[in-house]
Every structure is written in structure tokens, then in C-alpha cells.
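First up is the structure itself, then whatever we jot down about it.
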Amino acid sequence: MITSGRLFSSLCCLLLMLITCDAQQYDFIYYECQNEKGNYTENSTYHKNLNTLFSTLASDTKIDYGFYNLSYGQNDDKVNAVGLCQGDLNQSDCRRCLNDSRIVLPKHCPNQKEAVGWYDQCMLQYSNRTIFGSGYVDNTPMQYLINTDNATDVQVFKQERASLMSNLRNNVSATGDSRRKYAAGSVTGTDFQTIYGLVQCTPDLSSQKCDECLEGIVDVTLNDGKKGGRVLTPRCHIRFETYRFFQFQPTTTNNNNTTTSKSRSVIVVAVPSVTVLVLIMCSICVYLKVKRPSKLSATTYVEEEITMNESLQFDFDTIRVATSDFSNSNKLGQGGFGAVYKSDVFSFGVIVLEIVSGKRHIENGSEESIEQLLSFVWRNWKERTAINIIDPSLSNISPNDVMRCVHIGLLCVQEDLAHRPNMSSIVLMLDSCSVTMPTPSEPAFFLGTTRTRSLPLSDIHSAENNTTTRTSEFTSKSAQESENEASVTELYPR
């Protein structure tokens, strides 16, 4: 089990890496450039009007309900823009999301007069035609993004989802001309499967037009037995998942059929979102509080200090892999003891797997801890026994969230450098459960392959004297651990 000091150091590294890459704009979940709606040239009047409108959007601090509709210019050079944030997003996060959108969207559509792009929690559209107004409904472009996993009981799932979406549609339509045409909620069916749903329209739509817009896109999902999905249009959108993807406080609602209904729907009020990172921090703080003894003896304190000092040391092969074989591209400078290198996401992946499993990367001393962390995690992943990876102290955290962290950790420690994700991609994976993650390949230092296992310098001489014995044991272990090479994805919805 890792120590509290070790866990705190790992958390600090995790936060530092996330903060470093937070300023990078990751890509849309979907975008579309309307080539048939006309083009503009660089430094043209339309281009200048577009930049002026974007500057106004970025500097507007008065709007606090997540909806922006702006216009600038005259005649054919007039630019109209609509920005919409998910109803539970606070003002600062909304502005940050739209600010990223105004930077990224023109890069994808550098000459088109009309374009639209969606992040996980906001949408931005601009055009030289009218794209907002109480009676204007245009469900193009429309995009349906789905979760590839099927529901266990498709018929029950479809019935409960339809009931949830109907309730949410009625709720959002009943809000009249409110500034947030948004509703989110959940329903638990007879199979105890909870479905979470969200519907939203641009607030400028009338209640009738909002309902018409939602009706058109809800119908797209009626015959679909997938566990999750979203339908995106510029004027309205819906989403459903088997995990919660919004922040809410449930409110009491009347049920006209409480005696016979086999499901319970809850209509919720949106509140400012709390990021996944904060949830992780709270969980770890609880873990530290539970695990920390009330009084530490002198012996325990000394052991803690020794453990912390030892955890700061890595063997040569670990450093070599983390720095891409001491690549010049990873060199930070020259210190008094030699070159100083930065690591890639390999080290981040090791830290994530250490936290999730409660095991150190290299453990010595007991027979139960002979295997390296990466071999332990990879073998259980391949054998579909990934539940064995999770530290029992994390039992109060959603298994889906923990498995997603394991998945990300394995992607970071893949042997092939080209297959490892960059930090901006990792932030997107952590921020959005709708992102489809690739299947990880074998990690570096996996003991089930024919690669030579690295030994500490102190063991070199003893290893030379036992070459025959160790080779025989290693070959036998390799044959056992490489029987099942099929990739596994169906265990983890995201």
C-alpha cells in the first residue's frame, strides 16, 4: 500500500500537469464548415467584422445565463453569431468554453462564412444569414454521436429513456420565455439501471418552437438501444447516458401514476458544475483522513520518511523510457550533475496507476509484491479481471470512473511512443466521458514478453550467477502470461 506522503506527492504532480495543459484548447467533439453558404478572404470586410464580433463575445461580462446572440456589420458582410453553454455551467466556465471555441472554429473553417462547432458543454455558430429569433428553427446541421455499447435489456431501456425524455421536454417547454431553456434528470428502471438525460434549446426560441425542435431530434434515438448518445443541432440538443454528466440538485415532482409506475423520474435544477478533478481530490482527502493513524510512533515516522525518500528514485530503464531514450527534444538544460530531461506522459500514467491500485511502481521485499506495477495492471486488464487492480479503499468511487483512469494510465505507458496521448488529449478524456478512447497496447517493462527485465545495480552480480535459473523461470512465466492477447473494451463503457 502506498503511503500518504507518496500519495500526496503523486497528487501534486497530477495537478501540476493538468494545470500546465489547461491553457491548451482541445478540439471539438464535432464541427461543420458550411462551404455552400459562401466564403470570405483574409482581411476582407467580413473577416474584420467576424473578428470584431469575437472580441465583443470575449469581453462581454454582463450575460450570466449562458446564451449569446450577436450581430455586427451590414448587408452581405453582416455577421451573426450564437453561443450557448450547457445550463449547469457557471459564467466563468461558460466564457472560457466559448473563448476556446472562437479560437478553434476559424482554424477549422478559415474561409467559410458559416460554421458551427460543439465542445462537451458549449456550442458556437456564426453565419452571414439569420440564425436566431423566436420563430427560427433550423435543425441543420444535425449530428448523432452514440456510445457503442448496447443496453442489457434493450426494450426496457428504450421505454425508460423515452419516458425520461418526454418528462424533460415537458419541463423545458413549461419554462416559457426563461433565459435558460434547459432540463436534466434521471430515471431508474425495473432493472435498476439509471439513465441520465438532458435537453436544451436556445433561450430565444418560443416554447412551441423549442418543443418542435426537441421532438425532431428525440425521434432520431427512438429505435436505438445504445447506452448513451447525443443529438446536436444549433437550436437544440439532447443527451442521455448511464452515468451522470451534469451537476444538479433534485427537486420533488408529482407523479400522476405513483402506484403503478415502475420507474421514478426526477426533474432537476441546474447548479454550477464541479469538475471531475475536484471529485478526485475530495476522494483522496477522505482516503488520507481514514488511513492516517491518530498518533504516529517514532518508528512509524522514520519508516514514513524512508519510504518518501525512496519513492523519489527511479531505475535507469524507467527514466530512459520516460525521456524517450534521453531524446534531445526532452532536454531542459544542463545542470551541475549533467543534462536535465523532462518526461512524457509515461510518468503521468505510472502515477495514475499507482494511485488507483495502491501499489508502487517497483516493490521489493515480499513475495506478494515481486511483480512490477505495469505487469500486474496489464495482466489483469488482458484477462478481464481489471477489478483486481482497484485499491479496496476506493470502493466508494464509481467503478466506471476508476476503470477510465486505469484505461488512461495504460494509454500513457504504452511501449510505442507514437501511441501515447498528449496531455491535452488526456484532459479531454478526463473532462468528457463521451470521448472514445483507443485500446491500449502492451506497456513498457511488461514481464510477459521476451524483453529483458531491468535489474538494480546491486543485483547485477547475483543475476550473473543465476542466469540459467532466472531465464528458465522467466520463459515459463512469459508463456503463461501471453496466452490471451485479445484486446478488451466491453468492460468499460467509456
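Note: Cβ is positioned from N, Cα and C throughout, glycine not excepted.
TrEMBL has this to say about the protein:
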- 1-23: signal peptide (SIGNAL)
- 28-131: domain 'Gnk2-homologous' (DOMAIN)
- 139-245: domain 'Gnk2-homologous' (DOMAIN)
- 266-288: transmembrane segment (TRANSMEM)
- 457-494: region 'Disordered' (REGION)
- 463-487: compositional bias 'Polar residues' (COMPBIAS)
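The DSSP breakdown of the domain 'Gnk2-homologous' (139-245) into helical (H, G, I), extended (E, B) and coil residues amounts to 35 helix, 32 strand, 40 coil. Note on the domain 'Gnk2-homologous' (139-245): its mean pLDDT in the predicted model is 87. Within the domain 'Gnk2-homologous' (28-131), the DSSP-based counts of helix, strand and coil residues read 39 helix, 29 strand, 36 coil.
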